[in-house]
Amino acid sequence: MSLFDLFRGFFGFPGPRSHRDPFFGGMTRDEDDDEEEEEEGGSWGRGNPRFHSPQHPPEEFGFGFSFSPGGGIRFHDNFGFDDLVRDFNSIFSDMGAWTLPSHPPELPGPESETPGERLREGQTLRDSMLKYPDSHQPRIFGGVLESDARSESPQPAPDWGSQRPFHRFDDVWPMDPHPRTREDNDLDSQVSQEGLGPVLQPQPKSYFKSISVTKITKPDGIVEERRTVVDSEGRTETTVTRHEADSSPRGDPESPRPPALDDAFSILDLFLGRWFRSR
């Protein structure tokens, strides 16, 4: 199978009736015949009688070229390339209609803020950011007007303690006190009956002690030592101790200097003098 047969089978054209290659079969002529054809201005192809000769049987799909009077060369063929090119042009022209939608898809985001959901005048930034504000104001993004929100009762905060991962160890490791409602209670009667223990939260206690020692030498030679102790409860204890410093009397002669060991006479005097003194 030739390359031309493979090409025609790929595009669905019927097979040839002969094994002659139409691309180059009609071009394998003598040089003299080519010159004669050029002089006569004829064309080589299906219109040429030599093309329909028994030596060159006609085929369903032919290929040829002709010389125009102006000196140009024009190729013509019956392989169906014109239809093929026309089909490709129609396909690529239709691709222009395969455009994206005119409106791009909108990404999910926060809804537009309405005037009723804006920060109300006089409301603190903390209340606007908290899910359950401390001042029991209605939620900003709830879509409820201020006049309607005033008549509603504040929603209690949910008990998130039971949903914590280590809520089973609260009795061993107490982390946060239990949530209590924010309301005014009369504590006078409760304190008079139960005392301050149940009312006040237990506070951790720490014990420490600070000790500072200061020594001062006065001009008369007395050394004063001041010791200050401060405990965790703020009690301060200061102890002052005075004693005289060790000093030699002023009228005493100069104390003898130790002999230098590098002097041989001094070493002999040291040993011999002691021996003679002991005698």
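The chain as shown is numbered from 1 upward.
Just so you know, glycine gets a Cβ as well, placed from its N, Cα and C.
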Which candidate in Ser66, Ser128, Ser192, Ser210 appears in Swiss-Prot with the annotation phosphoserine?
Ser192
Which residue, chosen from Ser135, Ser147, Ser162, Ser189, is annotated phosphoserine in Swiss-Prot?
Ser189
Just to be sure I understand the packing, how many Cβ atoms besides its own are within 10 Å of the Cβ of Ser192 (phosphoserine)?
8
